[in-house]
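Database features, via TrEMBL:
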type     : residues : note
TRANSMEM : 36-60    : transmembrane segment
DOMAIN   : 45-418   : domain 'Ammonium transporter AmtB-like'
TRANSMEM : 72-96    : transmembrane segment
TRANSMEM : 116-136  : transmembrane segment
TRANSMEM : 148-165  : transmembrane segment
TRANSMEM : 185-206  : transmembrane segment
TRANSMEM : 227-243  : transmembrane segment
TRANSMEM : 263-286  : transmembrane segment
TRANSMEM : 298-316  : transmembrane segment
TRANSMEM : 322-339  : transmembrane segment
TRANSMEM : 351-370  : transmembrane segment
TRANSMEM : 382-407  : transmembrane segment
Amino acid sequence: MNITKMFEFTNIDYLEQENDDLIDNWPDSDHIHVNYGYISSFLRIILVLLCRLGFVLVQLGTIPVENVYRIIFYNIFDIGNTVLSYLLLGYMISFGKSSFNGWVGYSSDFSYNLDMAIFGLCASLIGTGQISTFLAGRIHLVCSMFTTFAYTACFQPFLMHWIWNQQGWMKKAIFLDTEVSVQDFGGNLVVHLSSSVIGAIGSIFLGRRLIKVKDVDEHSLSREHSGNTLTGQIFILLGYIAFTLPSPDFEDNREPKNYIANIMLNNVVAFATGILIVSFLHLMIFRKIYNYWTIVRCFQGGLAGTIAVAAAVELYSHLESIVVAAVVSVLFFFVSILIHNSALEDNSNLIASHLIGSFLASFMCPIVAHRANLDSNKKIHIFWQFICILVVLAVTAVFAWLIFLIFDLAKLLRNKEEVLNHRRATILQKFLPKKGTLERLFMIDSKTDHIVPGELNRRQYVIDKTTNTDESRGSVSI
């Protein structure tokens, strides 16, 4: 049997491996050695918490609502729910000392490695932050509570165990007589793909909505959010980069020992590439970029570039990071235009940047990364990577569909304002002229009504008319 390895161990593998050795050699088997963590774990949790603040700022600056405190309370409650759900149950499932055939972890001890607990918690905080960007201000509180609990306590920990745990069935498998391993260093599958699929399906279930301009809260998309939204996106960027920081053990067991510098530079290079490409496409196609929504999209293009390299950020060279980020950023630009012209509400363009971007980037990493130890069986490793991507996509879609279907049938999917807005949009749609699917999706030069940040616009009931859909996203869309 021909046995080859696909990728080197990831950051979390070494944290787990080191601690297992300490436990095995501990003089008293009744005691568990607790690893009190690295400085990288401290930076990771602090910057990821700052990242969650960034999601709040972005939501306040991009999601029109009648009451902004719905968004604020949703996020505050969501953070508390995420932390307790993961630490009390999710951590054991994801990184328990024992594994049931690589499918689920379990352990009789609450914790034996704080670095692993922090790493998994950060993944849950980022994932729920991305879900909230789809649903905040629209979803019923009961539905949001259950969705967060189910995601952080059960579903995402299963993905962590499959993909990140050394005993996981995706992490260590024999496929076509070859030892294969899925590559997901920065959480493209575990975090970005899973959360964006759940958020997108939730948005599909919520459907259209129509808000009266005069009903929009004066603090929703208010004048100060022009800067707050960009500040929030910077916080999100810092959280994404911090999440990919390697541990000291990761560098000590590798040559050359410059992985932190390489990872940081790859993230920054990918971010810059995404901004430049999306800005260039706006200039070439729409000929104008000096407006709020276009600037926001250009920055989102940078985040799409960062997500593009996350799966193999430790393996890519700087040139490979540029190539991968460029491909994903171009796709992000055109997909975001199509989503804007559809009935699906995605003000922060997470479908284009996170769902589509992470799917494509996860598939590209075994093809592009020259440092991966693929030997002569590269096609087999690529095939295994693709299988794992499809499995994650399928199980996430089923999980989300079941949750939102149940709450929709129970009339607990939408909050009170959202029920009214959805009914208004549904009624008005019957009186509007019908458009074909292709006409609606590909008329990128059609006129769009939208609201820009500034309280004065809403008091005078003025809607800024634009000539291009690149100035996307308005609260009056149905």
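Glycine is no exception: its Cβ is also placed from the backbone N, Cα and C atoms.
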Cβ pairs under 8 Å between the transmembrane segment (36-60) and the transmembrane segment (382-407), at least three:
no
Short question: most Cβ pairs under 8 Å with the transmembrane segment (382-407), which of 116-136, 148-165, 298-316, 322-339?
148-165
For the domain 'Ammonium transporter AmtB-like' (45-418), provide the mean pLDDT of the predicted model.
91
Give me the stretch from 72-96, 148-165, 227-243 with the greatest number of Cβ pairs under 8 Å to the transmembrane segment (116-136).
72-96
